[in-house]
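Working notes, beginning with the structure itself.
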Amino acid sequence: MAKLFYAGISGLGSAVPDKIMTNADWAKLVDTSDEWIRTRTGIEERRICAEDTAASDLAFLAAQRALQSAQAAPEEIDLIVVATSTPDYPIFPPVAALLQDRLGCGKAGGFDLSAACSGFGYGFYTAAQFIESGELQKVLLVCVDTLSKNVDRTDRSVCVLFGDGAGALVLERTEVGYGHLASIVGLRGSGAPDLIVKLGGSKTPLTKENIGNQDQYISMNGKGVFKFAVNIMGEATEQAIRKAGLTNKDIDFFVPHQANIRIIDAAMRHLDLAPEKVIVNIQKYGNTSSASIPLALDEAYRDGRLKKGSLIATCGFGAGLSWTANVLRWGK
Ligand code: ACO
């Protein structure tokens, strides 16, 4: 459908905790090795939140940087969308409200969006609609997750994978043909048990009896998720590229969700992309869930790789099972 307006990224920023946890650090706690983690996942180290650091703390830093990069005042923001699976509080208030107050976004409304590791893609697609329709002028999208707090630190098959981080974008109207071009989204709910935290929701609320139970942590069918992701990432990205009226050859940069280097490599082969077109920083941050794509995007912007006109495809996948891919033309 033709767009009334185009929604571009006018600013972006990111934040990660200071604490670095290397593979060697994990090898002191569980039966693993730097070699196993590196070769099976591509991860070398990840950032881990201090116990008293909440999602909103990382979100606040990333958002401040994004506002600065967009040269936007907090009072100009119309809407705050926060993509997270790890809000400060399990039921309410939403992180968006905490951010609104802390940033001083006086006139903003806002809400949280739960789409696991697909959070960036769903958030970007959602936020773009408000700009493309002409309804709002400036939307702040913040993707933040602190999944290191939700892993069983004795489960080597999960605990080594996740790191914490936040990425934020300001979206506003941009030149015709720039910014958000196309998105696709998908769900395969039959795979819900493959990546799940069973305890603490309405199905099994926390009680005095079940607190401390294994079910409070991430439970993952690693092989099942791997098989799903290794196919969906390439296919979904190609669909979004086609929806934008482009071909794989047109893409200057591919920014995949950073969950496993072998999944990223498979997508790169599927899309027939040269390695220098694929933005990868999994080695430094591990899987930061919804934050991984904006963290990588911010890094590529800051080191000068993204140029005005660069065509970018992104693809995320995660619990649900869910996926999403977006195509945008860099306009900054
Ligand atoms: N160190 C050493 N050995 C390990 C570790 C570890 N950290 N973890 C598992 N192993 C062992 C297993 O126990 C198994 O041993 P066994 O053969 O004696 O039983 C062996 O290594 C092989 O295990 P596999 O599970 O077959 O290993 P695989 O190659 O599949 O890699 C991994 C596991 C890395 C988890 C992979 O399956 C994967 O990345 N899956 C996708 C996960 C993912 O992306 N999740 C996030 C989704 S995003 C979101 O929404 C949160």
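Heads up, the Cβ atoms here are built off N, Cα and C, so glycines get one too.
These numbers come from a predicted model, not from an experiment.
Features as listed in TrEMBL:
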ACT_SITE  Cys117  active site
ACT_SITE  His257  active site
ACT_SITE  Asn287  active site
DOMAIN    111-182  domain 'Beta-ketoacyl-[acyl-carrier-protein] synthase III N-terminal'
DOMAIN    242-330  domain 'Beta-ketoacyl-[acyl-carrier-protein] synthase III C-terminal'
REGION    258-262  region 'ACP-binding'
Sort out the sequence-distant neighbours of His257 (active site) for me: same chain, 6+ apart, CB within less than 8 Å of its CB, listed by position.
Cys117, Ser118, Phe120, Met233, Asn287, Ser292, Ile293, Cys315, Gly316, Phe317, Gly318
Which residue, of the active-site residues Cys117, Asn287, has its CB surrounded by the fewest other CB atoms within 10 A?
Asn287
Would you mind splitting the domain 'Beta-ketoacyl-[acyl-carrier-protein] synthase III C-terminal' (242-330) into helix, strand and coil residue counts from DSSP?
37 helix, 22 strand, 30 coil
